[in-house]
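Asker: According to TrEMBL, the protein has these features:
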- 33: ATP binding site (BINDING)
- 327-339: compositional bias 'Low complexity' (COMPBIAS)
- 340-354: compositional bias 'Polar residues' (COMPBIAS)
- 4-275: domain 'Protein kinase' (DOMAIN)
- 283-354: region 'Disordered' (REGION)
């Protein structure tokens, strides 16, 4: 770790803590995640789900794992740096996002998921805190600590994803869920982008009649765990999100289908008319905000799209052996640390919708 200077703490969670660092070689900002448990061999490190998934993924909308360092039985992940996550971006808003901004954010999330699923993984913990941003122009999926391979055999653990974004099949303790749980979470996140409030802040969804009619397996799962849905009148999604276009409502409604088999895949979701507009979608080549984060103290040279050549900082770096050479890359924030389900967030009573 002697090739990095620690700048400030970014977060602390159950499995690790994250600091912002600066490369002493090129001045690039990075996020360094230090795992709390000890690792006594490289085999232990390489077999971590987070490493197994991220080392295979290279996409504009997936956080980049730059290198893995093991020193004195401590394991460090070095990520690109991003200044905030999507929850922070929403929390700091004083007014609602325009639909064009929501469309671009949703497009980037689905682009990242399409790539992740195509490469044989599903995330299992999609939520605003795990979507890292450089403003609304650039969004990347992060925190693959719960990721699984689609081809891996069930049963899977039932305690995955933060409750507000947890698909019904997970809430009902199905052991055979797969990538559709990520699409349910995208529907929840998309709705939250429109209202700046979580769509399902509780842990109970809908009515038993609707589940039994639309999704027989869900009713059987509920019966097996002696769970009874409260009887209540469903609410139309348009009533909850009046500022969303009809095209947006259609996409969210389909992403939030009870039956996982009825939800569109990520690539199918990208084909919805919601995205068929005269708008350039996806991350910009390099936003001004990104350039500011990357820039060195003195002005960069004038050649096209300069890679930052920041002056080396005075060494406050923590002692560490050398690792792989750091690649020059867009800055990005660390994988967000796991949040508990009792995180304080605004409430919105929702019983179900049609």
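Glycine is no exception: its Cβ is also placed from the backbone N, Cα and C atoms.
Automatic, uncurated: that is what TrEMBL annotation is.
What's the neighbourhood like for each of these?
Answerer: Following the DSSP three-state reduction, the secondary structure of residue 33 (ATP binding site) is strand.
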Asker: Measure the Cβ-based neighbour count of residue 33 (ATP binding site), defined as the other Cβ atoms within 10 Å of its Cβ.
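Answerer: I count 26 other Cβ atoms within 10 Å of it.
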